[in-house]
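*Asks:* My questions all concern the structure below.
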Ligand SMILES: Nc1ncnc2c1ncn2[C@@H]1O[C@H](COP(=O)(O)OP(=O)(O)OP(=O)(O)O)[C@@H](O)[C@H]1O
Ligand SMILES: Nc1nc2c(ncn2[C@@H]2O[C@H](COP(=O)(O)O)[C@@H](O)[C@H]2O)c(=O)[nH]1
């Protein structure tokens, strides 16, 4: 069985990564597995431990860092965020595609470790629209929104390091594009089974 493909969806806070991922999963019949991150951020209203995030204290998170339990982790506007290693590695080994929804420092760490991973940058149509989305979500105080917008400028500059860039103007259009990327990645020559290559060659030589 061939390994699954690791997809990394990154982009500034508030661009719509979670919204686009949920819409993608509604269409995808869960062929793609979402990796739930750990964070020291406090849960927002309605967020559930083990569904949205694994919510940790700073001490718990730092113990996980010391035990090498993360593929990557980063500090983002005052909180830790990280991707638990075991779940992702188990799913990939079982042939499942996995998607990470993470900020850019973490994506850069994944890039070093997983050379076959596919990196998609979700971009806002403009910084003005990004601010509108962050304010409209209403989950952060003004000072945190300001910190996230300041970070967004540095993140958008890094877009050129990614394999693909998708502008999230309209959610369904962004999902169409990401679905196309996922499908295309499966047609890479390196994923064609040797048995299929042999069959093509043998059929040709047999003259049938
Ligand atoms: N294409 C879009 N057009 C208009 N609003 C959008 C669009 N996509 C997402 N939104 C809205 O923008 C806000 C932020 O979206 P979302 O929470 O999915 O962003 P995010 O990138 O996952 O944020 P974070 O990184 O902070 O978790 C939400 O209120 C969402 O409804
Ligand atoms: N490097 C990582 N970044 C992560 C991870 N999980 C989420 N994130 C990103 O953090 C910011 C803030 O998230 P929020 O839920 O507080 O709005 C956002 O860009 C997320 O994508 C992770 O495991 N590693």
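Cβ from N, Cα, C; glycine included.
Annotations per TrEMBL:
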- 4-183: domain 'Guanylate kinase-like' (DOMAIN)
- 11, 12, 13, 14, 15, 16, 17, 18: ATP binding site (BINDING)
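Situate these features within the shown structure.
*Replies:* Of all Cβ atoms in the protein chains displayed, 21 besides its own lie within 10 Å of the Cβ of residue 17 (ATP binding site).
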*Asks:* For residue 12 (ATP binding site), write down the residues of its own chain that are at least 6 apart in sequence and whose Cβ falls under 8 Å from its Cβ; none is a fine answer.
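*Replies:* Listed in sequence order: 124, 130, 148, 151, 152, 155, 156.
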